[in-house]
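Beneath this line is the structure, given in structure tokens, with notes to follow.
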Amino acid sequence: MSLIEVRNVQKSYKGLTIFQDIDLTIEKGKIYGIVGPNGSGKSVLFKLICGFVRPDHGEILIGGEYLHKDITFPKNFGIIIDRPGYLGNKTGFGNLKSLAMIQNKIDDEQIIKTMNLVGLQPTAEQKVRKYSLGMKQKLALAQAFMENQEVLILDEPFNALDFESVEKLRSLLLNFKKEGKTIIMTSHNQEDIDLLCDEVYRINKFKLEEL
Amino acid sequence: MLKQQIGVEFKQIFTFNRVLTWFLIITLPVWIQYLIIHDGYSFTDNIDLYGRLLNGIGAMIFPILVLFVFADTIIHERNNNYLTYTKIRIDFNTYLNAKIMVNALLSFGVSFLYAFLPFLFAQYINPQVTFISKVGVSGNLHGTVTFDQLLVFGPFVYGFIYSLWVGINGVLYATLPLILCLILDNSFVALSIPFVWYQGMSFVSAVLGISKFAPLYTVFPYSIMQQKLWTVFVPFTILLITAIVSYVYLKKRNSTEWSF
């Protein structure tokens, strides 16, 4: 059974077509790359898979369950979509703690471990509103990784990261793959795609085509 | 999941700064009013003193005060894209309902205390300690403003029920902006609507000669002659229906897609 299945999905916004009858099958334990020009619909595809938007036509299955029928949102997904999200008046740890408390699956140790993993200092008192773009991106990565999710949906995960952090993240994603996690990502950097992805799809003229 | 999320919201909101904000909301407007009236004013009785204590800057900006009890948290969550990352962890409706419930409980508590503590002061503390001495010296009879009808049940029942009324209005004025924030693109407009209604409709009703339906006077009736009690429910009901319709619209819209 496929982990994620997108079947005959159509989507348009205010008369503007984004997708026409796209199909996509995601198998466990692989890294998938989605490429396409700005505005081609990469983020919309991710939002469709996460259940944030509904397809106009077609269906999406997550682990064999129909999105919006059997489940309202996929379980065990870690995501970055559009841009990092944060509470500016809290520290990095405070932000992650706030999100972790919702499902209460992990303890503070796991949060601290994840912050160290992405290169953030867990004990720093700095509020997130004072973070640089790169630090906010690392915080977004930490929230996606911290609950040890099976599927990672990462929209431009390398955004705003310095060279060293990019190298570290690449290695981290490859390790996640070895652990059996499934990753779907976008990147404008072809090197990231070439280095990491097992399968690559391009959004072209409202369709998804395998490269 | 709802119970769990309500617990999470409570845990997160009880910070030093937030509790200080609640304390200031409850005490500062009344304290300012106290400083204005404690010397040189005379009052027919304790209830008259109570009305004067409440009828100050706090009454004018009541919808703004209750915003800062809890509802403002949703603005930061929305504007900084934080909500996106809650969506993958909890069903939106559960999250929204938890926010609304916690907002309602806290805004009720703060609004109730905002009205009830000055009542305790005017009715029970001041007569003992005499912070304000000129009480019972003016010639006017009490029972001249709306809600004084309740005095036949005794002052405590009056103070308690009236404070409940202020608390319930606090819930409404805090809930509407929270919901509107998730519907309208402009947070400032969303937060302003209840205050504009409160002040704007009070002005309009005065112009139309129906001040008894002014939202301001139905919550803090100390600048208008006594009206029948049912009149206070008119603007309240309009606002309640607006809040319910907004809530239903938000849930319906987000059952198809998230637009924030």
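Residue numbers in this text run from 1 along the chain shown.
Each Cβ is built from the backbone N, Cα and C atoms, and glycine gets one as well.
Just so you know, TrEMBL annotations never went through curation; they're auto-generated.
As recorded in TrEMBL, the features of this protein are as follows:
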type	residues	note
TRANSMEM	B:20-37	transmembrane segment
TRANSMEM	B:57-75	transmembrane segment
TRANSMEM	B:96-117	transmembrane segment
TRANSMEM	B:160-184	transmembrane segment
TRANSMEM	B:196-217	transmembrane segment
TRANSMEM	B:229-250	transmembrane segment
Task: Same-chain residues near the transmembrane segment (B:229-250), Cβ under 8 Å, at least 6 residues beyond its ends - done: 96, 100, 146-147, 149, 165, 168-169, 172-173, 175-176, 179-180, 182-183, 194, 197, 201, 212-215, 218-219, 221
Open item on the list: Need a quick answer: max count of Cβ pairs under 8 Å to the transmembrane segment (B:196-217), which of B:20-37, B:57-75, B:96-117, B:160-184 is it?
Closed with: B:57-75
Open item on the list: Are there residues at least six beyond either end of the transmembrane segment (B:20-37) with Cβ under 8 Å to its Cβ atoms? List them, or say none.
Closed with: 52-59, 61, 65-66, 68-69, 106, 110, 113-114, 117-118, 131-132
Open item on the list: Let me spell it out: take the transmembrane segment (B:160-184), skip the flanking residues so only those 6+ beyond its ends count, and list any with a Cβ under 8 Å from a Cβ in it.
Closed with: 62-63, 66-67, 69-71, 74-75, 78, 96, 99-100, 103-104, 107-116, 119, 147, 150, 190-191, 193-194, 198, 219-220, 232, 236, 239-240, 242-243, 246-247, 249-250, 253, 260
